[in-house]
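Residues annotated as Zn(2+) binding site in Swiss-Prot, with sequence analysis given as evidence: C13, C16, C35, C38. Residues or ranges marked as ATP binding site in Swiss-Prot (evidence: sequence analysis): P119, T120, G121, S122, G123, K124, T125, L126. Here Swiss-Prot flags 1-54 as domain 'ClpX-type ZB'.
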Amino acid sequence: MSRRETTQENLTCSFCGKSQEEVKKLIAGPAVYICDECIELCNDIIAEELKMEETLGPDLKKLPKPREIKDVLDEYVIGQEKAKKVLSVAVYNHYKRIETSNKPGDVEMQKSNILLLGPTGSGKTLLAQTLARILKVPFAMADATNLTEAGYVGEDVENIILSLLQAADYDVERAQKGIIYIDEIDKIARKSESPSLTRDVSGEGVQQALLKIIEGTVASIPPKGGRKHPQQEFMKVDTTNILFICGGAFAGLDSVIQQRIGMKSLGFGADVKKRAEKKLGELLLNVTPDDLLKYGYIPEFIGRLPMLATLTELDEDAMVQILKEPKNSLVKQYQKLFELENVRLRFTDGSLVAIAREALKRNTGARGLRSILENSMLDIMYEVPSQPNVKEVVISEEVIYHKEKPIVVYEQQVSDAA
């Protein structure tokens, strides 16, 4: 009898030939058997192949069209229609440019990095993260306030590339097609319009340091980061095809725009009504490169970010939509948490309006929604796991406004009602 033959007395794996005594589990199929070790090996092979496919970066032949990109953005980001269109077109053109850049004789197209302008909590970071998820490319985020030019205490701009490299599991080829989002970019505007005679290591100096990597250069990146290990081997990363998205709230830029379009802010001629009617987001829609120059950016830096997308402030209706409509909305997240305890969680319409109004009072945009919910629901989330007879929890506006306890429906009450 051959080794692979199986009998009722001695069953063996049809793939590796091990007997049922030699393995933990033997699974039977139509005339074949497979052991747990072969199943594990198959899983490893499949996982490795999937990882190899991801390593190739975005499949440019299957690159989603601008409309398809926006449709997915709509699932996660409420409102901001103009900004989503600008981003969808810019990202599509960016990766099409990469596809054609490898063909000899083609017109050389320059990279169009993106500048997002909008109030805190309006969705800038979420838009950038969602784009990277749609395209399945490595994504890294940096805070411009931590950056300094080389030679000063702080974070080197090269560390941004290192973060992207880490997100790509140190696969240089994949990292070179990634997306980097630099937040708080408004904080590196120089302190005055005229060039500084003294060093401005967190302003103009950082702009100069960012210029090369944003436009495209071959950066030498230490795998472990920092300048403390000069003996380690550097990795070469070409930033030419990395898409840079920079975002900021740009406090004070509205005044620059107002001056340009003739809206007086002081004196007897002040147009108070017009100024009050125009919100920050609406004013930012009128921004020009000259406004950014006056705000404190050097001309070369403005030139590296040719695509401008403005996000407007979120109103009460938008906040309520953000709470319940996106795929990963806060309401859906909390309902899932309670569902794991076999409890139904319900929010009244009034409670959602109350949460939105509280967030607007804090002036933190959509970012404030989670903290309001966490504070309002802390006690009930503490109690419910210890009460297996709870069937439903109802959050009303009184819970949000007056810190009252939520309505709790118990199993006995459900039985009595039936």
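Along the chain as shown, residues are numbered 1 onward.
Using N, Cα and C of the backbone, Cβ positions are placed for all residues, glycine too.
Positions of the features from Swiss-Prot, shown on the structure.
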residue: C16; record: Zn(2+) binding site; CB count, 10 Å: 14
residue: C35; record: Zn(2+) binding site; CB count, 10 Å: 24
residue: C38; record: Zn(2+) binding site; CB count, 10 Å: 18
residue: P119; record: ATP binding site; CB count, 10 Å: 21
residue: T120; record: ATP binding site; CB count, 10 Å: 16
residue: G121; record: ATP binding site; CB count, 10 Å: 23
residue: G123; record: ATP binding site; CB count, 10 Å: 28
residue: K124; record: ATP binding site; CB count, 10 Å: 27
residue: T125; record: ATP binding site; CB count, 10 Å: 16
residue: L126; record: ATP binding site; CB count, 10 Å: 20
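Rounded to the nearest whole angstrom, the C-alpha distance between C35 (Zn(2+) binding site) and P119 (ATP binding site) is 58. Looking only at Cα atoms, P119 (ATP binding site) sits nearest to C38 among the binding-site residues C13, C16, C38.
All protein chains shown were included, and the count of other CB atoms within 10 Å of the CB of C13 (Zn(2+) binding site) stands at 23. If you take the Cα of C16 (Zn(2+) binding site) and the Cα of T125 (ATP binding site), they are about 50 angstrom apart, rounded to a whole number. For the pair K124 (ATP binding site) and C38 (Zn(2+) binding site), the C-alpha distance works out to 46 angstrom.
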